[in-house]
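According to Swiss-Prot:
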BINDING   H121, H125, H131  Zn(2+) binding site
Amino acid sequence: MTKGPVRLDVGVSYALPRTGLPSSVSFRKWVAAALKGRIREADLAVRVVDEKEGCSLNHHYRGKDYATNVLSFPAEMPQGLPKGVKMPLLGDLVICAPVVAREAAEQGKSLSAHYAHLTVHGTLHLLGWDHEDDKEADAMEQLEREILAELGIDDPYAGER
C-alpha cells in the first residue's frame, strides 16, 4: 500500500450531451477511491461516449461488434526513459453512456452507482487487474466491493451468483 498524498489529474470529456451523466467531480472521486493506497501519482482520461463510438472502439480494439460498458486502455511507457523513472500517465477509460443506462435499468441499480462501479472496475484494469479466470475475477470483484463500500455503494455483484 502506498501512503501519503496522492496527486491525481483526471480529464473528463463527453461525446454526447451531459444531461443525466455524472460530473467530472464524480468521476474524479471514483477514480481516487480505486487508486487510494495503490498509487501516489496518476494522470488519466475518462471519455463518455455514445453507442456508435463505443461500438467502433470495441470493434477496433477487441474485434467485438457491439458497444460495451467500459473499455480500459493502459498507457505504455515510452522507449528510452532512464531506468527508475516512472511516468504518471495511467491510461484512458471509455464509458459508453447508453450501455451503462441500459444495464443499470436491467439490473435494478441506480445509474450513479453503476457509473461508480464501472469507473472503479476500469481503473483497476489500468492498474493491471483482470478477470480472465475465476480466481482473478473473484479477487478483482472483492476489491471492487471494498472500494465501493468505502464510497457507500452496495455490492454490485449481489444476487449474481
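Cβ coordinates come from backbone N, Cα and C, glycine included.
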Under 8 Å by Cβ from H121 (Zn(2+) binding site), same chain, sequence gap 6 or more: V70, M140, E144
Cβ-Cβ neighbours of H125 (Zn(2+) binding site) (radius 10 Å): 20
Cβ-Cβ neighbours of H131 (Zn(2+) binding site) (radius 10 Å): 16
For H131 (Zn(2+) binding site), the three-state class that DSSP assigns: coil
